[in-house]
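**Q** The structure follows.
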């Protein structure tokens, strides 16, 4: 059998297949002409052998076909009908020695039975379905399928494989020669003995040659089982069958037991004899006789497999899966316990192992792990892969049988199909005809071009010589071509060609001729298919014309060699190193490995894997901010200390400083223990933000020498310290030891300059930059203070490094570049993914607000665009207003998220935005930031400003490009961070040398040399050689040169000497431009100079003094002079005028600063007078300040004094030191300029004069050009003209602009007039007309056409000019309420809150509280079994025992559905969880205890919030309210809405009658009434009894009778409404009676209280009203308004009245008379009549009706819920806050009075806020919240009702009324545009709201 697949698939057999063998036998036996051929029954009688009787019925050919028909599945019936016990026995049991079938005792004769055969299709399908997938093996191509039926194939059938044979396991056992006693399970290389050993299973798969059997197996099958696959073998004698070929030989495509494929069996050319096959066989046969006879089976097996591979038919089967795609069962079996079989090794093996070395070569190779797991000893003794040696007693029989079978196959080879060689291209093409034996034969023929290129040059008419052939083929004509050559033939595998690999083929693992030894892995370094290392990338040398350059190179080669020898120029051998050179075959020196390599950008010597801390890699928030504002960006390189708002350090006072020595040692010990516990070695400790603290570990300080480094690491990022060392030539002592870092030996320097031999340079190196560092000694007096919120810590500092200039390795993206935008996008996406990962909900969800908070600069649309990729926005349901993760979206893993954005990308982005902010602060617009395109970059670099050129996106880009060799760096220039030439300027310059303007080189005279004696063409050869002798060139070298080579050397050497300033023959010098090589050399020298200088300066330990530094004032003087000149040219002013203006401006600025400083210090300033008039100003607040008074003399001789303020401490110290220690003479000398300074001044003056000349020249050019074209600039200026100053009234600036003349006069009143002036109107007309180009006025004859825009603009100007504007200061002072003078009440002040805030539904507030309690319970430990409903599949009997299940998720859903209006219902359901757990688990179970702890936590939380929850429950259900009036009104309102309005066809009575539709209604009906009006009265608490309520209800019926008549349908409906009302009142009679009594009692108590308060003595004033009659209906309103005055003076506490509880009283205050609250807001009282008349005048028509109508549209039942404010706190009602009680009156009279005057007035002005509280009392009632923050009363907020919210329009109207007060239409007209403006205020006075703005 096929040993390859045998090895591979026996693993699967041991695991899966042994127990599930098919019950049915395979059809192979019968189909192949076995003893039982059931197909024979169709054509005649069957003899005892199971074959057809007689020879006359069918001829031999038909019988052959008949034997093949067994493949139709008929053969499987025999085994079931006759031999059930075959499953346990072997096939050989039924076969006699001659191959005939024996009859058994229980055999039954079926010949006479005429029955319909049962349908066997199911069994056949089952058998077909049990085919195994194919498997290719590395060892052999003959495979066999086991006939077992895999369960997995039933569950999910694989793609249909090509049909393969199915054999019974019994056959395989006999074939493989396994003994019957159950010993022979065949194992692969490492496989454990399986428990399935009782059934011997041999599992194999099939390749394309499924039907072929190995020769060894074929012979065994014939000898042991007697089963032959020959046609009609069953009716022949055994000896006769040997002479016949088998059916598989005649028809290789035949499959025993399968459906016949005739096109495959009898295809065209199937039986054509193969010409070459017999010859091949004979050769092999001769060869085989010489070798061992065991190899016969190998060769024959390969031959048969090759035959079987021939197929002209293509099938649509799935391809056989390669072995790597099959399940690796070796792993499973290898992990199983292994029973060692090494003890079974024979003596032969021991003899072999004795000769081996002690340790086997293969034992510790790549497979060491597996050998260790199998327990293989070191010497490898006893290891046999589980193979077994061949049994010796059977060998002669097997050999003879194999030889016999092989001879038989050899004799019958003529009938076989074509061999495999016939399908090779070499046998199909007539390639012999194309061989050119003689070139003369094809000289006149044309060759095919594709073959000609392969054949090489052949002489022909077209290509007579090799050169012509090369030109035709496009080859380079030169012989010294540098391109590498490759062989067209693949490299031979020596093992395949010369090795005995066929000896290692495993034909039978159970019968091995010898045991194989594991091979030793060897890699051939010469194998081109092996990639042993990553090859270096070679940059292609781009050149336009290589051929020209090569010509120049060859022609100049000699002169170059000579010049190189004389030292004029240097030969650069490494320039030609980039291209591979043809190596001299005799040069064995390997010089190319010793050449210095070109240094690339990332010269990472040694490993450079940087492992950042986990918080940095995860981009956690504080370390990697998502947004940085301008202030943070300005402080990016120098972050200030954070001010703590809480914690110990937020308070002033002494704070202790803790040492850290013990903490450091303790932490080090802990980390060492952790390292040891993990097995020692390196360990990564930076895992949490706490690990990043400086309170433990080793610390070093690194001070960056650059002010604004191009790249800065964020907190938590790592860097390496590398110690670069360059060895000395010869004997090197090695690198000196360093305390920090790893030593790296480098030949080429990773910096711009190279290291000297023996030099060591330390460097920071990470993925962002490489920078040299220089260790300095830390002064002993220095230490480190670590500040946290809790306190200070101190620790020692050991070392400090100075960091040199960075060499960027990471490019900073430019603003708005694609890389920057991509980073922003990915950063946002990563943030969103992490938010989803943090979400605890399922499905995961997040809110948009969380993202907008982190990314405030992002638009919502861009965030939404990122979110839509992974989430959906839910508008309804439980997840409303959440973004929920899509169900089909897979969140990226942490590794994938980290790969999206790296910390280095963030750092580069931060560097970019910080630099962008610096440029914006410097005044550069965004257009100057854009990074240029590649092509224009060098030109662009020359044009942009120096500041932009130094931006990090330009410097990093330039440095990286320079390191790649694309350009050079400027080295010295504007981008030098030191500013003094000690650093590199990273600005691009081209590789080619350019003439610098400021080059100090001696320039040759620019004159033509043609025809002069300097013309080199006229120089004779003799004179030229003479010149060379003068230059010192040896004579023998001169003789070697031709004429023009001599001239070339003369020119070069003359140029060199002329450039160095010497040499008499400078006339022959040509060109001052350096060559590229010289330019590169100069560049390297300059880089080296600066590099050495930087190393010297930064490593210097010399202490520099700052005292001797000169002041920078002189430089600023020069700048001022330059600015003055420019201003003089622009403004045509003299220098004296300019200086005066500037001094005046400085004086004003200084004055303003002093005023500001004085006001800020508020009296803390103290003045220290000094003899030198040095004043320290404001030293306590703003630091020291030096004021220097200088005396000047103007042109007229008058003296004046100016004060100069200096704030720099260093300048102050220097000035004071000089003043106090030196005399006047020294100071006078000090002030005089020295010689050097005068020289600098002269240079500066010359520069400024040159600038002046240039400006004049430009002006003259402009004059010559003529007047410039006019450009429409008005379009740009128009937006500015729309601005109007609020201070001075001018147009074009705002009041905050410094150009405003009133900018510094902050307290001066604005000077805007009452109406617009004519000038302002004209300015306004200019701004209003927008389009200048459009013709606004057209004249057509006598007709003038005015544009529509003109008329509209005129109307607008007219309307705006009529608007009166009143400044705040000119308004009459508003009346403020009296404030208590006691200081101790300051803490009662509350922040200002708007009156008309939106009210929150109390159900929402209650639900949010309950949900927070659920969250707290869910966070308790071990509560997860109660989080979700019990799974019925897991706990099957739960729902049989528990009838009312409950869990936290269901509880949360109920809360969100607003199903719990009170605490009791919520707690009841929670208690249900405890009861259910006790019922199912038992009361003592741990789960029951956990649920009880949840209930206890809930009770605790409910107790904490008891007051708030009680208020919310009362608001939800007013019947729970302590105020009886609220409950009474609630019942009445329910009667109206749920009963009376529910009467059918009652809609005409729901709202007032519309006057438009029924014009005469209000003439007939004097007192109209409807259900809506009744509801308003209810909401205003106008009904204290049922009688008053019924009066209004009956009035509806009476009005209907009066207007419609008693018989009208409307009247009947009204009667039904009244009946329903009476009926419902009867139902609630008992409850309503009790409420009426309580209301009456409370009313009487209030009246008594009012009488007591009215007796309080009070001095009457001019505005103090006399207390009117309480029962007078006309004065009741004013009494209610004025009564609060008495109450204000009384200072009575609410607690003084025993008749009501505090809660009741506070709510009663809200329901008291209409005027109480209004007057409480007002604080002062007016005359009652005056107030009514005044407000009557200011009444706007229908205002109250509109408010009432608008307010009632939004909810049917205003009492269904009382809403509290969103915060939910609202200052508890029952807290006993001191609030004055207000008097009570007869409510009915008051309310009737209010009702009568409703159409006449509304309360506005100062009492406006209260009036809305009263008139819209259906919106808000209860306790009132006052807006005045200075109020000493503790108040509660209004609550709205039943999910009822004030509409936004009403809010705006009410706020506008309160802000602007009453508006008298006859006097003031407010324009539509400016009604909302803050400049407009009421005439009567500002409201309280305005005073707080």
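Just so it is clear, glycine is given a Cβ too, placed from its N, Cα and C backbone atoms.
Values in this document were obtained by computation on a predicted structure and should not be read as measured data.
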**Q** Among 583, 667, 1338, can you tell me which residue Swiss-Prot lists with the annotation SUMO2 cross-link?
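**A** In Swiss-Prot, 583 carries the SUMO2 cross-link label; others show none in the record.
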**Q** Looking at the ranges 534-557, 1014-1037, 1038-1061, which is given as region 'Disordered' in Swiss-Prot?
**A** 534-557
**Q** From 137, 223, 656, 1823, pick the one Swiss-Prot annotates as phosphoserine?
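**A** The phosphoserine feature in Swiss-Prot corresponds to 137.
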**Q** Pick from 85-112, 197-224, 225-252, 253-280: which stretch is listed in Swiss-Prot under region 'Disordered'?
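**A** The range carrying the region 'Disordered' annotation in Swiss-Prot is 197-224.
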**Q** For the record in Swiss-Prot, which of the ranges 35-64, 155-184, 305-334 is the region 'Disordered' one?
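**A** Going through 35-64, 155-184, 305-334 one by one, Swiss-Prot flags 155-184 as region 'Disordered'.
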**Q** Of 570, 1375, 1484, which does Swiss-Prot mark as SUMO2 cross-link?
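**A** Record annotation (Swiss-Prot, SUMO2 cross-link): 570.
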**Q** What is the three-state DSSP composition of the domain 'Bromo 2' (1519-1628), stated as helix, strand and coil residue counts?
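**A** Counts, helix then strand then coil: 73 helix, 0 strand, 37 coil.
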**Q** Determine how many residues of the compositional bias 'Basic and acidic residues' (1139-1148) DSSP places in helix, in strand and in coil.
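**A** Split into helix, strand and coil, the compositional bias 'Basic and acidic residues' (1139-1148) gives 10 helix, 0 strand, 0 coil.
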